[in-house]
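Data block below; observations after.
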Amino acid sequence: MNNTKQPVVILVGPTAVGKTNLSIQLAKSLNAEIISGDSMQIYKGMDIGTAKITEQEMEGVPHHLIDILDPQDSFSTADYQSLVRNKISEIANRGKLPMIVGGTGLYIQSVLYDYTFTEEANDPVFRESMQMAAEREGADFLHAKLAAADPEAAAAIHPNNTRRVIRALEILHTSGKTMSQHLKEQKRELLYNAVLIGLTMDRDTLYERINQRVDLMMQSGLLPEVKRLYDKNVRDCQSIQAIGYKELYAYFDGFVTLSDAVEQLKQNSRRYAKRQLTWFRNKMQVTWFDMTPPVDMELKKKEIFTHIAGKLEL
């Protein structure tokens, strides 16, 4: 192959498909260090709702970009791109293989491709008007507005993530071009010798796993975790737009019952999983591996390892 670019492994897939466990086993086999590809695991104190890996689950494998910000801090795709590219260099300099694991498609895409962010498309007045519209009409109203104007961007952004929805609308408003057009107009050259692995699963099985995961989160203390943030008056922040937090904030605000909030959380998680799969299938050259039970995990791990080793000529 004689590819002189830095090798990077990327493991993607929808929430609850089993990325965490497999990533640890692969990292050990590949002598890799893991970089989080999840937009919400960067926040401290948001562990249960983001299904953040525990130190015990890491089994000694170094992890990066987890617990680096307070919930009040903002964090952009450009910030992620810069941090991860630096981490990739650091890991490679240690003689290790960088591995990105997560499900935030736009974040991962921004790292892999020669994509630069522009600050030109800024209109604070428009942004403020959209924020007021979100507060008045609700997040779904704004997301529907984006879906009508830029379906591709809407598919990649969760309705709860008002900040990113407004940013996509702002780009359209100021430049006359969709976020998708901006991406397409830029060079789409891969900056790395990247092997993209995707985990998928039968939809009914995946949805059942998502429902079970939410139940387990509630049993593990998600409600008090969110209450701690609520009591600290952490509001109007990017972090609280995460699935699992916004739904329970509505409960603490007295707008919905707890059972309705949990049901909404399950529904939003299932919809997000569907959008994740759509994004990765349409936007990136991913090799997919089916994880639908019953599956021999040891055999599946060997199959994926062999694929990676072949691509990177290990």
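Yeah, the Cβs are placed from backbone N, Cα and C, and that goes for glycine too.
Taken from Swiss-Prot as is:
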BINDING   Gly13, Pro14, Thr15, Ala16, Val17, Gly18, Lys19, Thr20  ATP binding site
BINDING   Thr15, Ala16, Val17, Gly18, Lys19, Thr20  substrate binding site
REGION    38-41  region 'Interaction with substrate tRNA'
SITE      Thr104  site 'Interaction with substrate tRNA'
SITE      Arg127  site 'Interaction with substrate tRNA'
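Location within the structure of each feature annotated in Swiss-Prot.
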| residue | record | DSSP (3 states) |
| --- | --- | --- |
| Gly13 | ATP binding site | coil |
| Gly18 | ATP binding site | coil |
| Thr104 | site 'Interaction with substrate tRNA' | coil |
| Arg127 | site 'Interaction with substrate tRNA' | helix |
Over all shown protein chains, what is the count of other CB atoms within 10 A of the CB belonging to Gly13 (ATP binding site)? 26
If one takes Cβ-Cβ under 8 Å and requires six or more residues beyond its ends, the residues near the region 'Interaction with substrate tRNA' (38-41) are 49-50, 52, 65-67, 75, 80, 102-104, 107, 239, 242
Between the Cα atoms of Pro14 (ATP binding site) and Arg127 (site 'Interaction with substrate tRNA'), find the distance and write it as a whole number of Å. 30
Which one is it: of the recorded positions Lys19, Arg127, which Cβ has the fewest other Cβ atoms within 10 Å in this structure? Arg127
CB within-chain contacts under 8 A for Val17 (ATP binding site), separation at least 6: Leu199, Thr200, Met201, Leu206, Arg209, Ala273, Met291
Please report the Cα separation of Ala16 (ATP binding site) and Arg127 (site 'Interaction with substrate tRNA') in Å, rounded to an integer. 34
Residue counts (helix, strand, coil, in that order) that DSSP gives for the region 'Interaction with substrate tRNA' (38-41): 0 helix, 0 strand, 4 coil
I'd like the Cβ neighbour count for Thr20 (ATP binding site), meaning other Cβ atoms within 10 Å of its Cβ, all protein chains included. 18
